[in-house]
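As recorded in Swiss-Prot, the features of this protein are as follows:
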- 92-288: domain 'ABC transmembrane type-1' (DOMAIN)
- 1-19: topological domain 'Cytoplasmic' (TOPO_DOM)
- 43-95: topological domain 'Periplasmic' (TOPO_DOM)
- 119-130: topological domain 'Cytoplasmic' (TOPO_DOM)
- 151-159: topological domain 'Periplasmic' (TOPO_DOM)
- 183-211: topological domain 'Cytoplasmic' (TOPO_DOM)
- 235-265: topological domain 'Periplasmic' (TOPO_DOM)
- 289-303: topological domain 'Cytoplasmic' (TOPO_DOM)
- 20-42: transmembrane segment (TRANSMEM)
- 96-118: transmembrane segment (TRANSMEM)
- 131-150: transmembrane segment (TRANSMEM)
- 160-182: transmembrane segment (TRANSMEM)
- 212-234: transmembrane segment (TRANSMEM)
- 266-288: transmembrane segment (TRANSMEM)
């Protein structure tokens, strides 16, 4: 091919160039739509005073809201001292603790349940799978009254998972595993049975084949389930606000509502706490992002 022919081949039709420009424009608009709220929240947290309105770039940078969120008192020019209104860092720790334990528990339960559905034959398997998925479709808000009565009664016999306990919140969160069971089951069914059969011929028990053969091959989907469970637990409000009554036991998602008192909206403090709440989610996502795409795509394959 001559140089002129190569140049002609590289020239794109006008319609294709317009389509490409339109795609890039829509992508930039989508990115701006995502970034603008985040930048606005950061700007509110850096403005003096507790105001929700103002420019995207503050005229004056103030760290008072961040100091209060981090548990430090703020000394003003007139000598007055403002103590932290709420234990934000304690709430953040409560959120991380509950989310981590919940995510690990959901991964463990979902994996073992999915293995049974994917590899074992038993009566009523299909009906049980469909029933789990149907019950998962109902929003948690519909079961709040039942959850309160249930954990009130359970707490009389096992106080560590009753009302106003983190154990109770974790126990409630771990009930929503149906969708994760379906996802992991679909991933397991993409893995050839011959690998486990070969391990069985070498003397491995079913548990050893599951633990040493199947689980290492399933790390991508397990990472996806862990991330989704972690995000759901750390951002959940209705169930946590129902079960937790003590201020010091709040999660950050529940405690942040205290800033929005009808008599005094502390927008700056609220914004600083909101940015802090995004740090654990971002950290977990960055640590597990290399497994995320592969796990999501393979987990959706029908076996």
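Every residue, even glycine, has its Cβ placed from backbone N, Cα and C.
Per-residue pLDDT, averaged across the topological domain 'Periplasmic' (151-159), gives 93. The transmembrane segment (160-182) shares the most Cβ pairs under 8 Å with 131-150, out of the stretches 20-42, 131-150, 212-234, 266-288. In terms of DSSP secondary structure, the topological domain 'Periplasmic' (235-265) contains 18 helix, 4 strand, 9 coil. Secondary structure counts, DSSP: the topological domain 'Cytoplasmic' (183-211) has 21 helix, 0 strand, 8 coil. With a threshold of 8 Å between CB atoms, the same-chain residues lying at least 6 positions outside the topological domain 'Periplasmic' (235-265) that come near it are 50, 52, 85-88, 90-92, 94-95, 98, 140-141, 144, 147-148, 151, 163-166, 168-169, 172-173, 273-274, 276-277, 281. Away from its own ends, the topological domain 'Cytoplasmic' (119-130) comes close to residues 181-182, 185, 188, 193, 196 of its chain (Cβ-Cβ under 8 Å, at least six residues beyond either end). Same-chain neighbours of the topological domain 'Periplasmic' (151-159): 165, 168, 171-172, 243, counting only residues six or more beyond its ends whose CB sits under 8 Å from a CB of the stretch.
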